[in-house]
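Below: one structure in structure tokens.
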Amino acid sequence: MEFLKHYEDDEDQDDENNTKDENVNKINKRQHFEIENVIDEIPDLPLSFFENFKKIKHYSSEIIDETNKKTRLFEHVEGNYPTFIYFKVPTKSRNDIKELIEQVKEIGNEINIKQDTETCFHISISRTFPIREHHIETFTQELKKTLKNQRSIDIQLSKECCVFINDNQSRIFLSIPINQSFKSNILKLIERIDSCLSLFKFPKYYDNPEPHLSISWSLITNNNNETNDENINYIPLNKFKNKEIIRDNLKLTDSFKVSRIFWNIGKTESFIDLQ
């Protein structure tokens, strides 16, 4: 009987061990499945995150940079870096483009849009969006992969001078759009970049895109009251419409080749050469 008792105890112990092994296997399989799902997803930046950016103009939480009175689209958060993609417009080696820019600046002085943009003139081919630090390397690799076989394109500025208003209606820009005959080249490039951005759930470029070279800008005020700040010029909100043509007889410049695409992540500039 004692022998049978030991036998039954051993058998129970084996059953218990088998049950534990099965449970462990189930847990391992479940964990493996969950890990695979996590790898397949890009977390941290849901679409609702960017929907909030679109609504930012309705809140008093807009961030004012007191250095230059610019309104940021989103608040600075440690670990987030403002990012955008663009190509540069040659000005140092192109007198015709420099003369065109000076002509637009004179128009800006006439209509009070006269705050100079940065000295490095460029055309953006993405929105500005925040990227998390741990996504930077993956995003950079994917963007390079997307543009790896992209050929250089020819671009020509148009004869029109237009105004563009930013998303949160805080600034107005005096700009030169792309000549319509060359527009399809850049739109195809934007489509490729959008395909990369969508993988990370970053916002795509604007609907009905109108890529442009911004020359000067002004802050927008919601009323007609003059500001006490003599160093900053303001434009009433309803004075101009977005994409309104101010002048359509600018001197036509020659085309130029875009053979390098840049992107800024925070203060770091990177680029890739096109074929």
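Keep in mind that glycine also has a Cβ here, set from the backbone N, Cα and C atoms.
Below, the features straight out of Swiss-Prot:
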REGION    1-25  region 'Disordered'
BINDING   H122, I123, S124, Y206, N208, P209, E210, P211, H212, L213, S214  AMP binding site
ACT_SITE  H122  active site, proton acceptor
BINDING   Y206, E210, P211, H212, L213, S214  UMP binding site
ACT_SITE  H212  active site, proton donor
Applying the rule Cβ within 8 Å of the centroid of the Cβ atoms of Y206, E210, P211, H212, L213, S214, what extra residues of the same chain belong around the UMP site?
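Here the non-site neighbours turn out to be I123, S124, F164, S175, P177, I178, P209.
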List the Cα distance (Å, whole number) between Y206 (UMP binding site) and H212 (AMP binding site).
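H212 (AMP binding site) has its Cα 12 Å from the Cα of Y206 (UMP binding site).
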Check the DSSP secondary structure of S124 (AMP binding site), expressed as helix, strand or coil.
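Once the DSSP labels are grouped into three classes, S124 (AMP binding site) ends up as strand.
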Between the binding-site residues P211, L213, S214, where is the Cβ count within 10 Å the lowest?
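Each of the binding-site residues P211, L213, S214 was scored; lowest Cβ tally within 10 Å is S214.
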Given that the record lists H122, I123, S124, Y206, N208, P209, E210, P211, H212, L213, S214 as binding AMP, what is the largest C-alpha to C-alpha distance among them, in Å?
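Farthest-apart Cα atoms in H122, I123, S124, Y206, N208, P209, E210, P211, H212, L213, S214 are separated by 20 Å.
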Quick check: in three-state DSSP terms, what is H212 (AMP binding site)?
strand
For each of S124, N208, count the other CB atoms within 10 A of its CB; which of these binding-site residues has the top count?
S124
